[in-house]
């Protein structure tokens, strides 16, 4: 239940502004790929093009191809809703639906689409997803309480549970730990390691130790200056990026000598 | 120094640090303060001076209150400036001016409530609530005045009319207004059409109510002939007044729903219209509900548009699609302007005040209902 992603010659625009230029990258199935780089270099923008969330922003458009197991996401006639149900996303700030209970938050992907689901199937799905997100033991006694009553870290794991409940092929995570404390961060990193067995995971992070801890491969993005497009500088095994990078800018960045 | 003082008194460990033996605070950070009784003291002084000043030009409560307020605001500002410094002086001036503005704004409200309660309560009884004016003539009013019997005739028909007409105008304007707001916020994206709609909604907000009434009359005159006077015409007129309010409040409420929630739903593979219907609107529904209620409260007291659209009836009419209808405002208007008995106007005036009280109560119940709805629908908090 996971697919690979191949990106070919992708340019990402905001109206006429070229934000990310000419990205070519292959993301293996059942692996964790980390995107690192300075702020504003287009990591998050690029991540959002992988499940067509970029075009939700007014003026957002792309040129090039993103292939999910060989199928181009941007071919005409592809419904972005289908794409997003296969490629889930976890955001920087935990955003559980405030009107829904914990249970309904997990079932949101099913219920909002008005798919019929039997009560026992729903219970199974809730438990499986919450267990998958390492949250079951903490919330099993209060599934009917609102999701907004949880702590930040729990909310973020609830969002992950909500994402895996729709059984996607790929999970994109946009700085999922940047609003969390170290303990919650650790919980989520452990979770990412487990998710790898079932899903393809792509994570954007500002924390280089985190990239080193969780990812199999790392992509370094950089920007030449304000107003210039961001570029993929180097993409390799995480160990290579952190110990023996081929590009000078990567070495400067990962060793903290940047700028 | 104070630290030394406390250290010298080890036995009184319960005493707070910074207090001298006689319990008074001596803190170098808090010196130069007016004592606590200063404000009440200045107020008492202002009362006396205000009373004295107002007697100069003939005593009246109004001049007494005005003089007292002015003296108090000025005196407390000056005294605070002298004792505590100019920053605190300005603070005192601003604080007291804010309170004064608040009291000033409260005066009409309290006065209206008091007058309506005082004059309306005697007229409220089961007969008034559950009988119409059908068959109540000047002779009956004259008889009740001469014999001292209870006033006959009530506002039941007007209450029914008010509720029905307001309900129909709500049924018309809430879907139209909400869908317009959804278009503006979720689909229009500040395009030319959205900007044009926003402009016309703003223009509609300023339409005088009588013009809305004439519009509805003219509209139905075209469809059904010039004598079309019935509840639904009034409902259309009121909805012309309600729609812009509903659009505006719904728009504001939808705008404050965080974009993150929409993105979260999209990322789960949820379609846009389902996201709007099941995530955005439920999140904003409490604000929308109170906005709608305020819009209802705004039109429920309209008189002019009702007169030109629904006419006036003395009998109970529950059919908005036929015959004339009365509402509470038109009932009040006619009872005051053309009393049922021109020689004995008191019964009519009593009925008018009672109807006014009824109208205020209805608006109040609506507002309470809005609060209830808002708290019922509000996003749940807590664990």
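For all residues, glycine too, the Cβ spot is worked out from N, Cα and C.
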Listed range which TrEMBL flags as transmembrane segment, given the options B:13-33, B:97-117: B:97-117
Among ranges B:125-146, B:257-278, B:279-300, whichever one TrEMBL labels transmembrane segment: B:279-300
Contact set, same chain, for the transmembrane segment (B:155-185): CB under 8 Å, 6 or more residues outside the stretch: 128-134, 194, 197-198, 201, 231-232, 234-239, 242-248, 250-251, 254-255, 276, 281, 288, 292, 295-296, 299-300, 306, 310, 313-318, 320, 325-331, 351, 354-355, 358-359, 362
Of B:34-53, B:230-247, B:279-300, B:352-374, whichever stretch has the most CB pairs under 8 A to the transmembrane segment (B:97-117): B:352-374
Long-range Cβ neighbours of the transmembrane segment (B:34-53) (under 8 Å; 6 or more residues past either end): 59, 63-65, 67-69, 71-72, 75-76, 79-80, 83-84
